[in-house]
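Engineer: Marked as transmembrane segment by TrEMBL: 59-76, 88-108, 139-161, 221-239, 246-263, 291-316, 328-352, 387-412, 432-457, 463-482, 503-526, 546-568.
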Amino acid sequence: MENQTDRMLIGRPGDAPKSHWKVEAVKFSMALGPKRAAVMSKEEGMDQQPSRPTWSRQIEFTLAGIGCAVGLGNVWRFPYLCYRSGGGAFLVPYLLMLVVLGIPLLYMELSVGQYTRRGPVHALATVCPLLKGVGMASVAISFIMCTYYNIVITWALYYLFNSFQSLLPWQSCNNTWNTPNCTDHATNSSYSSTASQEFFKYRMLGQTSGVEETGTLRWELFLILILAWILIYLCIFKGVKSTGKVVYFTALFPYVILIALLINNVQLPGASDGIDFFIVPEWDKLRSVEVWVNAAAQIFNSIGIGFGSLLAMSSYNSFNNNILKDTLFISITNSLTSILAGFVIFSAFGYMSHLQGIPVSQLAVDGPGLVFIVYPQAFASMPVSQLWAFLFFFMLLCLGLDSEFAMVEVMVTSLLDEFYQPLIRIFKRKELFVLAVCCVAFLLGIPCVMQVGIYVFQLMDHYTAIVSIMFLAFFEILAICWSYGIKRLSSNVKEMTGKKPNIFFRLCWLIVDPVLITVILIFSIIQFKPARYGDYVFPPWAQGVGWVIALASIIWIPLGAIHTLWVLPGSLMKKLKLSIKPYALNDTKGGAGEPSVSVISSSMKLPEKSQFETHF
């Protein structure tokens with residue numbers, strides 16, 4: 001037993017004496033079994049791997065979580081879905097989905113991340129080896145999204161720089177890029193277009209007629225994309241230590257701007273009509289299944305469930321952190337921000353409808369056009385328009401940045417968890433590896449800054465944010481709630497916080513959420529509509545490319561299952577039984593006989609900055 005224990009423990013100068021750790025590890029391994037077991041494979045390499053860093057202060061994780069959850073979707077996708085789904089009627093399913101889906105599933109993800117202290121790949125491989133591909137799919141979908149999500153930040157920067165002109169360039173039709181059909185006043189006519197529409201379409205994008213026509217590289221956007229990635233790199237190159245400092249500004253400052261915009265907008269003529277449209281429900285809309293599916297999809301996309309970002313961030317928490325407090329704070333703040341943004345946007349809609357003399361319901365609003373066409377158009381006729389334009393696009397930049405570096409952090413965390421030694425051997429420093437990840441994502445985003453870019457963006461967004469995420473959510477719930485089990489998960493939460501999740505959360509995890517996700521997934525498949533941009537419908541070959549993009553994340557689920565069954569020992573039946581047993585993959589690394597394990601309990605007094613490093 002003495003020799004076995006020698007292999008279990010890896011000490012460092014300054015730690016407690018090795019004999020003390022031996023005794024404690026043996027005691028706790030006998031008492032707790034696999035409760036916090038982690039195989040210490042590749043022991044020599046582990047000796048050189050630094051202990052996992054933690055947030056300098058717990059408020060940094062909370063702010064980073066808010067920054068990750070609160071993003072461009074709150075001021076773009078949420079108001080657009082409200083507008084399309086009958087205004088206030090959308091708030092009913094949205095708030096219901098928040099309570100029964102958003103909060104319980106975020107609680108589940110944060111619990112798994114904090115307990116395993118690993119990114120999504122290792123965390124899912126721990127709780128359900130058969131579905132470890134769900135973690136890999138989360139990393140893939142986050143990386144795909146970060147390549148095109150940064151394009152929205154690029155657009156925001158482009159508008160931001162153009163806001164410093166004495167006359168806003170989208171304010172009039174007296175520009176070289178304007179067509180004879182341009183009008184200074186908003187219109188729904190198919191024969192004319194507004195100055196704001198033409199600035200977005202012809203000046204910034206140089207948009208082609210379709211995805212078949214690629215056009216040339218938009219050099220201005222290309223250079224701004226480089227700037228955007230430099231900003232991202234500077235935010236994350238030191239890991240949670242640099243991210244934790246940045247989020248104090250990027251997570252909090254948007255609220256200052258939102259409140260300032262709201263105070264300004266509610267004083268505009270017609271603002272009350274827009275706000276009425278936002279808060280007064282059209283109850284007939286609730287009969288549409290699509291409205292309920294959209295509400296659930298918005299909760300997933302906005303909070304970031306299934307993307308792995310918050311799970312990765314929670315892995316840097318202290319083991320005894322109060323997860324429920326963070327869960328409630330992040331999810332409720334996220335939804336309140338969406339509603340606050342709704343008041344800001346719809347008050348501007350009311351102002352636009354007043355200027356045009358048409359009802360709010362007849363305004364032309366579609367996708368990215370909400371924040372890059374309709375809202376800039378509203379600025380053009382406001383007093384001190386340059387100031388409001390600058391503030392709005394600076395807010396978009398802040399909202400985009402913290403969501404973007406959360407997605408990049410998922411890839412960085414997961415790769416370092418799995419390949420720390422080889423990556424450090426190649427790149428020498430973690431900062432250089434982060435730079436390499438940013439460079440690859442930048443190169444993959446270049447098609448989006450070509451003239452065909454808006455079509456590439458729309459195609460990627462449709463098949464990633466809408467198609468893939470529901471599959472991921474379904475299998476994640478299957479892995480954690482049913483395979484790992486509510487009993488184990490509740491026990492983990494109790495070990496960390498001293499208190500089990502209440503009956504509401506356990507019921508949601510066991511029955512309500514799996515059933516809801518299954519129903520939503522089925523209706524999403526039945527009511528699936530091919531990607532389109534405005535009136536342009538993508539050709540079949542482009543739809544095929546879209547499905548390849550979707551499969552780039554989903555394919556990891558079956559591949560992960562096949563790999564698990566391949567590496568597990570025994571007959572096929574034994575492999576299947578082992579594949580749904582937590583820590584089964586870890587046990588295979590210990591060789592014949594008992595695996596060498598180190599058990600760490602929250603009740604065991606560790607040094608403040610423990611040098612222990614555990615693999616899950």
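Keep in mind that glycine also has a Cβ here, set from the backbone N, Cα and C atoms.
Note that the structure is predicted; figures quoted are calculated from it, not measured.
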Engineer: So if I exclude everything within five residues of the ends of the transmembrane segment (221-239), which remaining residues of that chain have a CB under 8 angstroms from its CBs? That is, six or more out.
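Structural biologist: The answer is 53, 150-151, 153-155, 157-158, 161, 204, 246, 250, 401-402, 404-405, 408-409, 412, 430-431, 434-435, 438-439, 441-442, 445-446, 449, 453.
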Engineer: Rank 59-76, 432-457, 546-568 by Cβ pairs under 8 Å to the transmembrane segment (328-352) and hand me the top one.
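Structural biologist: Per the Cβ under 8 Å count, 59-76.
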Engineer: Quick test of the contact rule: Cβ under 8 Å, at least six residues beyond the ends. What residues does that give for the transmembrane segment (291-316)?
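Structural biologist: For the transmembrane segment (291-316), the sequence-distant neighbours (Cβ-Cβ under 8 Å, at least 6 residues beyond its ends) are 52-55, 61, 64-65, 68-71, 73-74, 77-78, 81, 84-86, 89-90, 93-94, 96-98, 101-102, 105-106, 109-110, 112-114, 116-120, 123, 135, 138-139, 141-142, 145, 240, 285, 323, 326, 330-331, 334-335, 338, 403, 406-407, 409-410, 413-414, 465-466, 469-470, 472-473, 476, 516, 520, 523-524, 527.
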Engineer: Name the range, of those listed as 59-76, 88-108, 139-161, 246-263, 546-568, that has the largest tally of Cβ pairs under 8 Å with the transmembrane segment (463-482).
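Structural biologist: The stretch with the most close Cβ contacts to the transmembrane segment (463-482) is 546-568.
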Engineer: With pairs fewer than 6 apart in sequence excluded, do the transmembrane segment (503-526) and the transmembrane segment (139-161) have three or more C-beta pairs that lie under 8 Å?
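Structural biologist: Not in contact, no.
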Engineer: How about long-range neighbours of the transmembrane segment (387-412): same chain, 6 or more residues beyond its ends, C-beta under 8 Å?
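Structural biologist: Distant Cβ neighbours of the transmembrane segment (387-412) are 64, 67-68, 70-72, 74-75, 119-120, 138-139, 142-143, 145-146, 149-150, 152-153, 156-157, 159-160, 163-164, 168, 231-232, 235-236, 239, 243, 246-247, 249-251, 253-254, 257-258, 260-261, 264, 304, 307-310, 312-313, 371, 375-376, 379, 433-434, 437-438, 441.
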Engineer: Okay, the transmembrane segment (88-108) and the transmembrane segment (503-526): do they have at least three CB pairs under 8 Å, pairs separated by 6 or more?
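Structural biologist: As far as Cβ distances go (cut-off 8 Å, pairs 6 or more apart), the transmembrane segment (503-526) and the transmembrane segment (88-108) touch.
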Engineer: Same chain only, please: residues at least 6 beyond the ends of the transmembrane segment (88-108) with a C-beta under 8 Å from a C-beta of the stretch. Say none if there are none.
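Structural biologist: Result: 81-82, 277-286, 291-292, 294-296, 298-300, 303, 305, 310, 323-324, 327-328, 330-332, 335, 338-339, 473, 477, 480-481, 489, 501, 504-505, 508-509, 512-513, 516-517.
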